[in-house]
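What follows is a short report on a single structure.
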């Protein structure tokens with residue numbers, strides 16, 4: 001598993017925890033903004049990169065009720081299966 005894959009799955013899982021199944025675009029964006037700050041500095045950079053690069057796509061995919069694994073493989077960050 002790549003670091004980017006792990007970062008992506010972490011971001012998506014944390015966002016889902018933070019929004020507590022209340023999937024609105026606004027809530028997801030707000031959660032994306034805060035999620036990397038919860039990490040140690042060494043990983044928060046990769047986290048921020050994922051958010052900066054894929055944030056819009058993550059929002060769109062989460063609004064389609066996708067799981068973290070599916071979101072990240074859709075983005076091409078994780079190998080599916």
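Placed from the backbone N, Cα and C atoms, the Cβ positions cover glycine too.
A quick note: this is a predicted structure, and the numbers were derived from the prediction, not measured.
Taken straight from Swiss-Prot:
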DOMAIN    1-81  domain 'Saposin B-type'
DISULFID  5-78  disulfide bond
DISULFID  8-72  disulfide bond
CARBOHYD  22  N-linked glycosylation site
DISULFID  36-47  disulfide bond
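The structure, with features from Swiss-Prot marked on it.
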residue: 5; record: disulfide bond; Cβ neighbours (10 Å): 18
residue: 8; record: disulfide bond; Cβ neighbours (10 Å): 27
residue: 22; record: N-linked glycosylation site; Cβ neighbours (10 Å): 9
residue: 36; record: disulfide bond; Cβ neighbours (10 Å): 21
residue: 47; record: disulfide bond; Cβ neighbours (10 Å): 23
residue: 72; record: disulfide bond; Cβ neighbours (10 Å): 28
residue: 78; record: disulfide bond; Cβ neighbours (10 Å): 20
Rounded to a whole angstrom, what is the C-alpha distance between residue 36 (disulfide bond) and residue 22 (N-linked glycosylation site)?
20
Using the alpha carbons only, what distance in Å do you get between residue 47 (disulfide bond) and residue 5 (disulfide bond) once rounded?
10
Pop the Cα-Cα gap between residue 78 (disulfide bond) and residue 72 (disulfide bond) into the table, whole Å please.
6
Integer Cα-Cα distance in angstrom, residue 5 (disulfide bond) to the residue listed as 'N-linked glycosylation site':
24
How would DSSP class residue 36 (disulfide bond) in three states?
helix
